[in-house]
Amino acid sequence: MNKNSQQKAAHVTTRRLYDMKQNGEKISVLTAYDYTMARILDRAGIDVILVGDSASNVFSGHNTTLPITVDELIYHAKGVVRGVQAETSRAMVVVDMPFMSYQLSPEDALRNAGKIMKEHECDAVKMEGGRTIADTVRRITDAGIPVMGHLGLMPQSIYKYGSYKVRAEDPAEAEELLEDAVTLERSGAFAVVLEKIPAGLAAEISRLLSIPTIGIGAGAECDGQVLVVNDILGLNREFHPRFVRQYADLNTVIEQAVRQYVEDVRSGGFPSVDESY
């Protein structure tokens, strides 16, 4: 057990996120899909870890987020929760509700949200949509399950939109999105992700809502920011969207390490006497 794991920090809750917004403290969010990465993120002080349906892309290699299932996300979430618990236990863990796990009916959504919460003790679930899911958000929150909303570009609706372009540039769509944000708050959502919308609109929504806004490609005036951890670490050399800041080039580092390992094995340089029993 490391030193950090012996010094448990105050766990981030929905109330803590609300207080951070009121105090002008920015909220940091990253995705994670496994135990090891979750330990690193929690140790580094991340506020929220999102077990995103983006695992469908970056972990499983699918072109969209649609194929991933509830059970697959639960598998990822179990490792993430254990990783956080092994370190400071500070980070909140939010799990995406995957495509078609909440669209059929509020009752079906509640059943799936309850399964996600019960099987690995995460803190909340996240759902895409505005007024169309208002009754579902209300049903789930009334059952005691915190819900994070998601507006703007909604990857689960990619075939409806036809592209990953910026959303709500049209004034009419911007007004609808603003109304969706207000509806989510009134329905009980504790926060809302704003993805790929104009920075000015995101700033307006952030001022209007009392709950935190978490931006991804939505400007600096959101109450927090979320990115995919693989992107900030430079693990995907083909993916460089404008809204991502790359903090490392681990793709190159890992490739070089593997090449050196292969060379050492082939040359007989590994293992050495010191690495043998």
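Every residue, even glycine, has its Cβ placed from backbone N, Cα and C.
Noted in Swiss-Prot for the protein shown:
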type: ACT_SITE; residues: GLU195; note: active site, proton acceptor
type: BINDING; residues: ASP53, ASP96, GLU128; note: Mg(2+) binding site
type: BINDING; residues: ASP53, SER54, ASP96, LYS126; note: 3-methyl-2-oxobutanoate binding site
For SER54 (3-methyl-2-oxobutanoate binding site), just count the other CB atoms lying within 10 A of its CB, please.
20
To the nearest whole angstrom, what is the C-alpha distance linking LYS126 (3-methyl-2-oxobutanoate binding site) and GLU195 (active site, proton acceptor)?
13
Beyond the site residues ASP53, ASP96, GLU128: chain residues whose C-beta lies within 8 Å of the centroid, for Mg(2+):
GLY52, SER54, THR65, MET97, PRO98, PHE99, LYS126, MET127, HIS150, PRO155, GLN156
Would you mind pulling the DSSP three-state label for GLU128 (Mg(2+) binding site)?
coil
At the Cα level, what's the spacing in Å between GLU195 (active site, proton acceptor) and ASP96 (Mg(2+) binding site), rounded?
15
Report the member of ASP53, GLU195 (the recorded positions) whose C-beta atom has the most other C-beta atoms within 10 angstroms.
ASP53
